[in-house]
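Colleague: My questions will all concern the structure given below.
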Amino acid sequence: MKIHSSDHSWLLLAVLVILLSFSGALSSDDKEKKTKSVDKKKEVTYDGTSLIINGNRELLYSGSIHYPRSTPEMWPNIIKRAKQGGLNTIQTYVFWNVHEPEQGKFNFSGRADLVKFIKLIEKNGLYVTLRLGPFIQAEWTHGGLPYWLREVPGIFFRTDNEPFKEHTERYVKVVLDMMKEEKLFASQGGPIILGQIENEYSAVQRAYKEDGLNYIKWASKLVHSMDLGIPWVMCKQNDAPDPMINACNGRHCGDTFPGPNKDNKPSLWTENWTTQFRVFGDPPAQRSVEDIAYSVARFFSKNGTHVNYYMYHGGTNFGRTSAHYVTTRYYDDAPLDEFGLEREPKYGHLKHLHNALNLCKKALLWGQPRVEKPSNETEIRYYEQPGTKVCAAFLANNNTEAAEKIKFRGKEYLIPHRSISILPDCKTVVYNTGEIISHHTSRNFMKSKKANKNFDFKVFTESVPSKIKGDSFIPVELYGLTKDESDYGWYTTSFKIDDNDLSKKKGGKPNLRIASLGHALHVWLNGEYLGNGHGSHEEKSFVFQKPVTLKEGENHLTMLGVLTGFPDSGSYMEHRYTGPRSVSILGLGSGTLDLTEENKWGNKVGMEGERLGIHAEEGLKKVKWEKASGKEPGMTWYQTYFDAPESQSAAAIRMNGMGKGLIWVNGEGVGRYWMSFLSPLGQPTQIEYHIPRSFLKPKKNLLVIFEEEPNVKPELIDFVIVNRDTVCSYIGENYTPSVRHWTRKNDQVQAITDDVHLTANLKCSGTKKISAVEFASFGNPNGTCGNFTLGSCNAPVSKKVVEKYCLGKAECVIPVNKSTFEQDKKDSCPKVEKKLAVQVKCGRDKKN
C-alpha cells in the first residue's frame, strides 16, 4: 500500500501519541520493572588492567563489613556511611559456623541474615565481594569452621581430604544456591561482582605438600563449575589456578605484591589492614591514616585498580565468637569504629583520596604508564593517552624524614616526607597523602544519668565440684570436652597422701604443679581456692605452681579449664589441643607424685547457670538469688536491672571493678570481658563493651554477668553513652587545599570555584551544633585532638576568630592563612611555619 508523505507524517504522529499514552498509563511498579529490566544483568569480566562491569572499566574502593559483628538495625547506617566515605563496594566473609552451628541445621536469621545484608548493600547502589570460606580466619572462633566438623571421622581440614571436601562442597552449594535463588549475582542483575574461595592458603600449603596443591585446584574447579558469571579470587595465593585471580593481602601491596600470575589478570588488593586487631593483654595499637593513604596511592600508581580496607567497620565479637584471646571489640581503629561512628581523620582523609583517584580514573584505566626516578628517594609515576589531554601523575617522596623537591614537566613540587602527591592533570596537586585536611574527632564515653541508678545486684554462686564421676586416666583435651558449648570444663581427681609423704623436707611445703596448653585455669584443693593462671595470644602454654597444704588421707583436686575462643589459623586445626596436660605434686617425702596418668579424672562441661539459662529472663527463677554481700567468691553470677541510657547515642557498659567473665543484656550475649589481664601499660586492653540499642528496652533491662574471679566490685560498673562530639582540625598553612574544590570536565581538571584556598572544615554529627570552642591556636601548637597545648608561637586572636566563624553552627569553614589571624597586620613569629589547631564541642540546642 502506497502512502503519501502527508499521510505518512500523520501516521507517525498518531503512533507516537499512542506510545506516549501507553507509557503514561504504566503504574509506578511497571515503570520500576521496566527500568530494572534495562540494566538488570551485569556482565563482569577482567583483563590485565581492571575488572570490567558491563563493558566499563572500574576503579573499586571496597571496605570489609561483617554482618555478624553488628546488628541488622545498625547495618543501614553503616552501609550508608561507607558509601558516603567514597566506597563503591562492600566485602564480607560468609561465616560457616554462624550459619550451620549444628550439622544440617542452617540459620540465616537475625545477625546471620546474609541475604538481607546484601540486599541493603544493593539498595545503596554498591557492589559486593563475597568471601565464601570455607575457612576465613578473621580472628573468629575456629576460623569460621563449625565445631562439629572436627568430629567427622577421618577428617583433615583444608586439604585433599574427602570428608572435608564433601562437607565443604555441600556448604558452598547451600550458600551459592541461596544467592542465586535471590538473584544476587551480577550476572542476574545483583550486586555480587566478585567471589573468593579459601583464604590465605599459602600460609599452610607447605604442610600439606601435594595434597595442598590438589585441594586448591579442587576448590577453584568447585566454584567455577557453578557458572555464576563472576570472577573468583584467592588471596595470598600466587599459584592460584586459572582462571582464578591471585590477590594481595597486607599493608603495602604496592611494594610487596609480585603481581598477578598471568598478564590477563588485574592487580587486586583484598586486605589493606586499617589497624591491628587487639588481643587481651595488648597495649593500644594504631595505623596512621597517612600510612594507609600512602599505601593505596602507591598501589594505584603501580597498576592497581581495586583496594579493600580490612576492616572498614570492625564491629563487635558478640557472645563467644572471638578467636582465642581476641578482644570483644574488633578493629575499632577502622574508618567506622566499633559503634559505627566515623573515626576522623581516617574516614575523611580516605574519602578525599577516593575523590582524587576518581579524578585520575580515565588516565589510570586507559593511559600508558611511565616511570621516572629523579633520585633514590623520589619517584614519578604517570599515565597518559598520547594525543589527548588525559594525564595523571603520582609524585612520591619515600624519604621518611624530610621533604623532597621533584621537578616534573618544567614545574617544581615540594613533596612532604614519605608521601605521594596526586596530580590528575599532570599539573595540579589536588591531594597529598601526608597532609590531612579533613577534621579530627575524639571519642567520649559519658556516664549515663538514666542507666546508673542504684544498682541492686543479686548473686548466685556456682558449686565447685570436688568429685565428678569419671574413668579417664588423663585430663580430657579441653576443646573436645567443651565442644564449643561453653568456655568452661571441670576436672576433678582424688589422691591419697600418707604420713611418709608429709614428712618434712628442706624447701618447705609440697608444690602443686599444673602445666597447661591454655588458655586459663582456676584451681581448688580440698575446697580451698588456690588461684588462677593463664597464657597469652603469643604464648598459650603456662604453668600454675603453688605451695599447698595437704592432709593425710584422701585429697581432692578441682581444676576449671577456661577457653577464650578456638584457634583461627594454622595447619591441622582439627588436631589443635588445649587445657591441662600434666599435673603433679612436687616435694613429697616419697618424691614426686604424678597425677596425670595414675589417677582417674572426672569431667563436666560448663556451669550450672549456663545449663539452666539464667542469663535470660525465662531462666532467672530456676536458681535462688541472694543479695550481694561484696565478698562473693569466684564463679558467681550477678544480675540487676537498669533503664536504657538517655538519647539514641551508642551505649556501652564499663566493667570497672570486675575480673574476667561474660556479659548478657536481656539474654543477648555482649561478649567476653577480661579486666584483670593488664597490658604492659598497666591498663586493661578493653574497658567499655558495646551494648547495641536493639538489645535494649526503654526500662527494666536485665544485666547478667558471670564472673570467674573472687573479690570483685560490681558497684563500680557503669553504663555510658558514646559520642564523637569533640571535633578538631589540625592543618598547616602550606597544605594542599581540599580535593573537593576540583572536578573533571572534558578531560580537564577544573576548579569548581574561582577562589581555591585552604580551609579548616568542622562539622557536628546529626542535628548538633558547635556549642563551645575549647582550643584554638594559629602558630605551632602541640598534641592531638582532645589534648592540644600551646606552642611557642600563637596568634592571640585565634580563639576569637574561630568563635566568630563557628559558634552556634552545625558546620563551619575557617580560612587557614596569616591574614585571617594577624592582629594589626602583625605576625609575631614570622619565621615559624604556621599550623591551625582547633577543638570544638558539639551539642544539642538547649531549646530543643
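Here the Cβ of each residue, glycine as well, is placed from N, Cα and C on the backbone.
Swiss-Prot lists these features:
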- 1-27: signal peptide (SIGNAL)
- Asn107: N-linked glycosylation site (CARBOHYD)
- Glu200: active site, proton donor (ACT_SITE)
- Glu271: active site, nucleophile (ACT_SITE)
- Asn272: N-linked glycosylation site (CARBOHYD)
- Asn303: N-linked glycosylation site (CARBOHYD)
- Asn376: N-linked glycosylation site (CARBOHYD)
- Asn398: N-linked glycosylation site (CARBOHYD)
- 754-843: domain 'SUEL-type lectin' (DOMAIN)
- Asn782: N-linked glycosylation site (CARBOHYD)
- Asn787: N-linked glycosylation site (CARBOHYD)
- Asn817: N-linked glycosylation site (CARBOHYD)
Colleague: Within its own chain, what residues at least 6 apart in sequence put their Cβ under 8 Å from the Cβ of Asn782 (N-linked glycosylation site), listed in sequence order?
Modeller: Phe788, Thr789, Leu790, Gly791
Colleague: Using C-alpha positions only, work out which of the glycosylation sites Asn107, Asn272, Asn398, Asn787, Asn817 is nearest to Asn376 (N-linked glycosylation site).
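Modeller: It is Asn398, whose Cα lies nearest.
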Colleague: Spatially speaking, which of the recorded positions Glu200, Asn303, Asn398, Asn817 is closest to Glu271 (active site, nucleophile)? Use C-alpha to C-alpha, please.
Modeller: Glu200
Colleague: When you rank Asn107, Glu200, Asn303, Asn787 by Cα distance to Asn272 (N-linked glycosylation site), which of the recorded positions ends up on top as the closest?
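Modeller: Closest by Cα: Glu200.
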Colleague: To the nearest whole angstrom, state the Cα distance for the pair Asn817 (N-linked glycosylation site) and Asn787 (N-linked glycosylation site).
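Modeller: Cα of Asn817 (N-linked glycosylation site) to Cα of Asn787 (N-linked glycosylation site) measures 23 Å after rounding.
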Colleague: When you rank Asn303, Asn398, Asn787 by Cα distance to the residue listed as 'active site, proton donor', which of the glycosylation sites ends up on top as the closest?
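Modeller: Smallest Cα separation from the residue listed as 'active site, proton donor' among Asn303, Asn398, Asn787: Asn303.
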Colleague: Where's the emptiest Cβ shell within 10 Å among the glycosylation sites Asn107, Asn272, Asn376?
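Modeller: Counting other Cβ atoms within 10 Å of each of the glycosylation sites Asn107, Asn272, Asn376 gives the minimum at Asn376.
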Colleague: Over the domain 'SUEL-type lectin' (754-843), what is the model's mean pLDDT?
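Modeller: Mean model confidence (pLDDT) across the domain 'SUEL-type lectin' (754-843) is 95.
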Colleague: Let me spell it out: for each of the glycosylation sites (Asn398, Asn787, Asn817), count the other Cβ atoms within 10 Å of that residue's Cβ, using every protein chain shown. Which one has the most?
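Modeller: Of the glycosylation sites Asn398, Asn787, Asn817, the highest Cβ count within 10 Å belongs to Asn398.
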Colleague: Could you work out which of the active-site residues (Glu200, Glu271) has its C-beta surrounded by the smallest number of other C-beta atoms within 10 A?
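Modeller: Candidates: the active-site residues Glu200, Glu271. Fewest Cβ atoms within 10 Å: Glu200.
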Colleague: Within 10 Å of the Cβ of Asn303 (N-linked glycosylation site), how many other Cβ atoms are there?
Modeller: 18
Colleague: Can you tell me whether DSSP puts Asn782 (N-linked glycosylation site) in helix, strand or coil?
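Modeller: The residue in question, Asn782 (N-linked glycosylation site), is strand (DSSP, three-state).
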